[in-house]
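Database features (TrEMBL):
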TRANSMEM  42-59  transmembrane segment
TRANSMEM  71-92  transmembrane segment
TRANSMEM  112-131  transmembrane segment
TRANSMEM  175-194  transmembrane segment
TRANSMEM  214-232  transmembrane segment
TRANSMEM  244-266  transmembrane segment
TRANSMEM  301-320  transmembrane segment
TRANSMEM  332-357  transmembrane segment
TRANSMEM  363-385  transmembrane segment
Amino acid sequence: MHATWHILPLDRINPNTLQILLGVQDYFGGEIMKNGLSFTQIVVMLLLTNGLMNHVIVIPMMLDSAKRDSWISVLLAGLLYLLWTALLYGIYKKTQHEHLFHWIKKTYGFPLYFVLALLTCVYCFTIATMTMTDTITWVNLSFAPETPLEVHTLLFAVLCLVNAMFGIRSIAMTSSVLLPFVVLLGFFVMSTNFPNKDYSLLLPMMENGIAPVLRGMMYAGTGFVELILLLFMQHHLQSRVPYYQLFILGFVMIGLTFGPTLGAIVEFGPDKAGKLRYPAYEEWRLANIGLYIEHLDTLSIYQWFSGAFTRISLSLLLIVEILMIPYGKKRIWWLIGLFFFSAALSSYPISAIQFYSLLSKQLLPSLFVLALSLSIVFALLTAFASRRKQHDES
């Protein structure tokens, strides 16, 4: 038997479909150039990176501080967040998706560039180290208590290091493979837990006043402002991104926080939910299929590791991007140093209670203030640069 190959003539293929297949147009219709990333790929990385923060890390602190009103904190912080995306887009538009820190160095000189780059690198390094520590702590508490922390930390750090060494395209490609299954598992656990939900537990609202809601808003905002990472990757974007796409992305990020927060309250009650260290993981422990299939919390390992893998790889890679370390051996040694320094800090002997206290009282508030301050400074710099350019032309 001889196989017969039927080749569809190119003139019968939709031009937009052909451009997507050839990699010269992304799914949002923007043109991309060789070696660039489409907005779709950037979104996939951000959903996994920021999704772990919004979906897992900040929720225990928010439930602890705002209790029953945590879902209100998410909605109110989300409204301010959507307004903040306009500020973010203004920075992106005025810098014309040039390398942000190269633009600052070229426009305002090395001293200002150095200060802002240093602060941003501290921000990215803290994100990576915090994520690695929280991930290893969860692994140790949940399903591998007998394995030394150092073993888990080293193995995970090496895995993330290899991904980062292959560059941002590698992170984008692995994220594109991981994300669909993460999303499917998320909808699965949400639907299987419907019988366990009691929405009357959401009432009464604000029984303790507005103060708990405001405290919860800070934690929700810490996750939301991580969208600033988009600015640090904008030089890889080879398509013009309209504002409505960024707005939709911001809306999705709000949903990533609102869903599991609401779920924890209606499934466990506000008091018990506020005492859980990992509410999103505990929601998996309620899930089952029929009467005979339980212990589906194993699937949560895939979700968490996918987010942590992308988040750590991207955060530390962005440091060498911000410092404009050239490709080659120098960049590789920088990455090796960053990853092993982060792994060493993550292996520092600290109890789960001490780490939670450090996270809720110092790290998350500091990250919120730092990211918000950086965005305001970047906005002022782009505004002054535009005025100076108009003045010089006149």
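Here the Cβ of each residue, glycine as well, is placed from N, Cα and C on the backbone.
With a cut-off of 8 Å between Cβ atoms, the residues of this chain six or more beyond the transmembrane segment (301-320) that come close are 45, 48-49, 51-53, 55-56, 121, 124-125, 127-128, 131-132, 135, 138, 143, 156-157, 159-161, 163-164, 167-168, 171, 174-175, 178-179, 181-182, 185-186, 229, 232-233, 281, 331, 334-335, 338-339, 342.
Sequence-distant contacts of the transmembrane segment (214-232) (same chain, at least 6 residues past either end, Cβ-Cβ under 8 Å): 42, 46, 49-50, 53-54, 57-58, 61-62, 65-66, 69-70, 72-74, 76-78, 80-81, 84-85, 88, 91-92, 100, 120, 124, 127, 246, 249-250, 253-254, 257, 314-315, 318, 321-322, 360, 364-365, 367-368, 371-372, 374-375, 378. Between the transmembrane segment (71-92) and the stretches 42-59, 112-131, 175-194, 244-266, 332-357, it is 244-266 that has the most C-beta pairs under 8 angstroms. Note on the transmembrane segment (175-194): residues 41, 44-45, 47-48, 51, 259, 263, 267, 283-284, 286-289, 296, 299-300, 302-303, 306-307, 309-310 of its chain, located 6 or more positions outside it, place their CB under 8 angstroms from a CB of the stretch.
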